[in-house]
């Protein structure tokens, strides 16, 4: 039974939940059953049938709020069907709440919420799950580390030449189809792209300078589709084969042309489109009568899906072309990428994959386990109650293990102090090496300010001069000036940025700012430093070349895939070479594997059990359900911290007892709910 103090803290609390997916759905139910009266929810996603197996509040006609109010009609639940990064969710909005509970599924949104909670001085309880693994962490300004105190992972990267010329794994084909071909056909035409875009038509020399991906005058969609197919799967392969040195120790790929796989008249085969039978749900599979996403399509079937998805994009979603990015929840995009990757894989002799498997690799999907979500939701509520009671001595970061260690599946750890080297909560200056004569302001904004620092509405100042700003209230002449600045080299700006310049970069929405010391550098390694600039103080996790697994954070794919494919798809990927090492600014690494190795007295355990935990967990920083998994090895100084050992902290046993009682209640409530 909860004490009067607990009940008072719960009933009087105003709670903000961010995310109502796998974790969020369980969390909302647990909050309601625990007595919370005032709950606000931000979530932009709609319910998919594929989510129903792990989100018990949802039926096909439900939203989470309505489902909870059926059994707790007297509580207040205010939903916001919106993106958490919208301007209305500013610092003042966050200040209205006593605690913020995160159930997000991507790094960018997590960083955004972390910064707003710091600016508003509101406690944040973070969480994440992937498969049987999960974690809950508590973040309080000035008392514990913030979400960004420890370095987050560099996405898994591959050399450009591997992706464009010598793929050897299916994941290479997925990256090519998603980040090169899909982006070239449907994304921003102005972005750089490593696809060979030159025409193979030698009859007109002028055509060698044109972009083959541009639709020609008078060309219908069938002609366009055939030409694209022949170029990327035929001509480009022949170009690659012309370099005989490359194939001395490799199996040569075979060019594939449309005439070899397509019928004479495509529209008669693909959905009988001349009679307008394309489906309303804009799906190539539905149009072609392909029903099972776990079937592995033949080359001919993949070719038909490739053409049909291309046709549907141009006929049904024409207005979106030029602004599209790959989204794992976009069925047509997944179909196109799967088909393109399989055709390329066929050319290079790589085994083909089903749409189900391809989606898992392309979207970094780790299929969620409902029980893990329920456990993590219960732990979030436990920590939220401690925060509301200001019981800081008993705050815990708790990790859910897949295999027991000393008969424990839940591993509680005391929160860590703020990292003095954190550029977010400790305001430590960063340093940037860059060729100030060649790199443009646009490069700095896109590659550093947005991609690495996660700012959405940046203001960049050199001294007292503003050289770039984003905002809805800017006057047209200022917008034009800042747009012109983007195309200038850093040293050619009105306030020149040269070696020794200190830039101040702010995000007004996040109320976050940092200083960046500029150092001019003439040359960069194109493979290891593809951005042409190097940011220090912001640390990406290095990749272990031997294991091909991250030393920092990474993603995982569906357990339905083979071991090799899981390793291939476990991280989000970029097309570039990875730096072999990176400096750790904190100097305080943490590794849960040490718990498993038995170096902690009376708490870590059995070598046989722990070795499995070490291989599968290492440090968790995992994300909700099926997007980004963050798993890190960064736990090596765990023994230097205050550890929770058996019998050394009475509060742990109490906390674990509460966990058992609460989780028992969750399971019972799940059973009652499902009976209804």
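Each Cβ is built from the backbone N, Cα and C atoms, and glycine gets one as well.
Please treat TrEMBL annotations as automatic predictions, because they have not gone through curation.
Look at TrEMBL and you will find 19-24, 43, 51-54, 105-110 tagged as ATP binding site. Look at TrEMBL and you will find 146, 149, 422, 425 tagged as Zn(2+) binding site. Per TrEMBL, the feature domain 'THIF-type NAD/FAD binding fold' maps to 3-422. Per TrEMBL, domain 'Ubiquitin/SUMO-activating enzyme ubiquitin-like' is recorded for 432-524. What TrEMBL records for 544-614 is region 'Disordered'.
There are 28 other Cβ atoms within 10 Å of the Cβ belonging to residue 19 (ATP binding site). The distance from the Cα of residue 149 (Zn(2+) binding site) to the Cα of residue 43 (ATP binding site) comes to 26 Å. Taken together, the residues in the domain 'THIF-type NAD/FAD binding fold' (3-422) have a mean pLDDT of 83 on the 0 to 100 scale. Across the domain 'Ubiquitin/SUMO-activating enzyme ubiquitin-like' (432-524), the DSSP tally of helix, strand and coil residues reads 24 helix, 30 strand, 39 coil. Looking only at the binding-site residues 146, 422, 425, the one with its C-alpha closest to residue 22 (ATP binding site) is 146.
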